[in-house]
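Novice: This is the feature table in Swiss-Prot:
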REPEAT    69-103  repeat 'PPR 1'
REPEAT    104-139  repeat 'PPR 2'
REPEAT    141-175  repeat 'PPR 3'
REPEAT    176-210  repeat 'PPR 4'
REPEAT    211-241  repeat 'PPR 5'
REPEAT    247-281  repeat 'PPR 6'
REPEAT    282-316  repeat 'PPR 7'
REPEAT    317-347  repeat 'PPR 8'
Amino acid sequence: MMKWSIVKRIPVYGGSFISMKHMMLVPADLSWSCSFSGMHSLINTGEEDEEELLKKIVNHSESGSKIISKIDYTNLVEKFTRDGNLSGAYDLLQSLQEKNICLPISVFKNLLAAAGELNDMKLSCRVFREVLILPGKEPLSSDCYLNLARAFINTDDCTYLTSLLKEISESSLPYRLIVMNRIIFAFAETRQIDKVLMILKEMKEWECKPDVITYNSVLDILGRAGLVNEILGVLSTMKEDCSVSVNIITYNTVLNGMRKACRFDMCLVIYNEMVQCGIEPDLLSYTAVIDSLGRSGNVKESLRLFDEMKQRQIRPSVYVYRALIDCLKKSGDFQSALQLSDELKNTSSLDLAGPQDFKRHLRSHRR
């Protein structure tokens, strides 16, 4: 009597899959109906256990004339997933793929979501790996990345995650760096900043190195979390990395991070460093540093940069005007505050930067 065993693991990358679009043959000697209702009945009545059922349906294609559809297989995998038998669902998917039977991507996504909800790290990594290489699929949605990240929320053990990411890094996937960057963002969205830093550190040792987008994304994540020391550490590492170059987005991100953390003293330091590197400040740069200097009480320097900004024909926003006016009032210079207020009133709205200008700057930098 043949022993049932799960088929060998398929190669993760480089393999090709032949999809059977509609129907598959089932052994003729099976006396029971090969419809999903028959399978459902067997599972619910206990006449056969799930292992025996898997043995029969996976070997259906060898001979026979009865027919079973992909819908039946899909429903069976979905039932396993709903019932919490996630390992059974995954094993069945693997077995079907070995038979060149590829189910819809939604089946994999649902299994990934269930694994993430149960914090099943090992299964989440396995399913995510399979979803990445499914033939003819659209780019993965944000939910797929978030569900992977959710599996690791309650643990510091990153063994399975590191193994998955290293495998992706060493793969031949043409979009592997995009995948790595989106994984980093997903872990940030789930507030796992320690794992974000871990991934960045590991990437520097792997084949798929972090690029400027990776670094800038991590800096933005750290800035939102108010982690000043970590921001400075990543910026220092980035400047030491010969494969990337800091740019205006890098410095604007750091400036905003320092401003949000109320480290106004560091804003002028970062601004001066940016200028010394030959990077010209833009609307976002001036807005961040002028606001920071004003809030720290450095009125003289904030007014100097405000004048420099206008000389370079960069239109200030209403926000910058109001920040400076407020700063002047707090310093007791009410006359200068009144003069600046009058200047704002006499300035056409066309000569002021609006929300669309900030968005335009962000879009141009991302390109």
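Going from the start of the chain as shown, residues are counted 1 onward.
Here the Cβ of each residue, glycine as well, is placed from N, Cα and C on the backbone.
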Novice: Counting each residue once, how many in the repeat 'PPR 8' (317-347) are helix, strand and coil under DSSP?
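Specialist: Secondary-structure composition of the repeat 'PPR 8' (317-347): 26 helix, 1 strand, 4 coil.
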Novice: At a C-beta cut-off of under 8 Å, are there same-chain residues at least 6 beyond the repeat 'PPR 2' (104-139) that contact it? List them, or none.
Specialist: 12-13, 15-17, 19, 70, 74, 77-78, 81, 84, 86-87, 89-90, 93, 97, 146-155, 157, 160-161, 163-164, 167-168, 173, 175, 179
Novice: By DSSP, what is the split of the repeat 'PPR 5' (211-241) into helix, strand and coil residues?
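Specialist: DSSP classes over the repeat 'PPR 5' (211-241) add up to 27 helix, 0 strand, 4 coil.
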Novice: Express the predicted model's confidence over the repeat 'PPR 4' (176-210) as a mean pLDDT, rounded to an integer.
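Specialist: Mean pLDDT across the repeat 'PPR 4' (176-210) comes out at 96.
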Novice: Counting by DSSP, what is the helix, strand and coil composition of the repeat 'PPR 6' (247-281)?
Specialist: 26 helix, 0 strand, 9 coil
